[in-house]
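J.: Submitted below is the structure of interest, expressed as structure tokens.
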Amino acid sequence: MPRVVFIDEQSGEYAVDAQDGQSLMEVATQNGVPGIVAECGGSCVCATCRIEIEDAWVEIVGEANPDENDLLQSTGEPMTAGTRLSCQVFIDPSMDGLIVRVPLPA
């Protein structure tokens, strides 16, 4: 079972177990990680589950798909190679130890 560490600058670290195939949004909301609002429930239409994948994990997690990228760009927030929507990142065994930053609310 992969372990994921969510880091929230206000609340601290949350190290939680995840199931293969779960989205990071599901993992975060099921474990009470603050900052993942997920208003649309994972439909990739609201961008309220925005996260930053730590640099060392970007290649393993992969890039945003075109729809996700368009939605992220529409927010006007600065983006990095690790900017993703947690509803669009699905856990697999290679992600054991994944570190995810949850941005402060705007």
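Glycine is no exception: its Cβ is also placed from the backbone N, Cα and C atoms.
The annotation [2Fe-2S] cluster binding site is assigned in Swiss-Prot to Cys40, Cys46, Cys49, Cys87. The domain '2Fe-2S ferredoxin-type' annotation in Swiss-Prot covers 2-106.
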J.: I want to check the contact list for Cys46 ([2Fe-2S] cluster binding site): same chain, sequence separation of six or more, C-beta distance under 8 angstroms. What comes out?
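T.: The answer is Val37, Ala38, Glu39, Cys40.
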J.: Hey, does DSSP put Cys49 ([2Fe-2S] cluster binding site) in a helix, a strand, or just coil?
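T.: The three-state answer is coil.
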J.: Using a Cβ-Cβ cut-off under 8 angstroms and a sequence gap of six or more, which residues of the chain neighbour Cys87 ([2Fe-2S] cluster binding site)?
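T.: Counting only residues 6 or more apart in sequence, the Cβ neighbours of Cys87 ([2Fe-2S] cluster binding site) under 8 Å are Ser23, Leu24, Met25, Ala38, Cys40, Gly42, Ser43, Cys44, Cys49.
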J.: Where does Cys40 ([2Fe-2S] cluster binding site) sit in DSSP terms: helix, strand, or coil?
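T.: Assignment for Cys40 ([2Fe-2S] cluster binding site) reads coil.
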J.: Specify the count of other C-beta atoms within 10 Å of the C-beta of Cys40 ([2Fe-2S] cluster binding site).
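T.: Excluding its own Cβ, the number within 10 Å is 15.
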J.: Other than Cys40, Cys46, Cys49, Cys87, which residues of the same chain sit close to [2Fe-2S] cluster? List them in sequence order, counting a residue when its Cβ is within 8 Å of the Cβ centroid of the site.
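T.: For the [2Fe-2S] cluster site, the extra neighbours are Met25, Val37, Ala38, Glu39, Gly41, Gly42, Ser43, Cys44, Val45, Ala47, Thr48, Leu85, Ser86.
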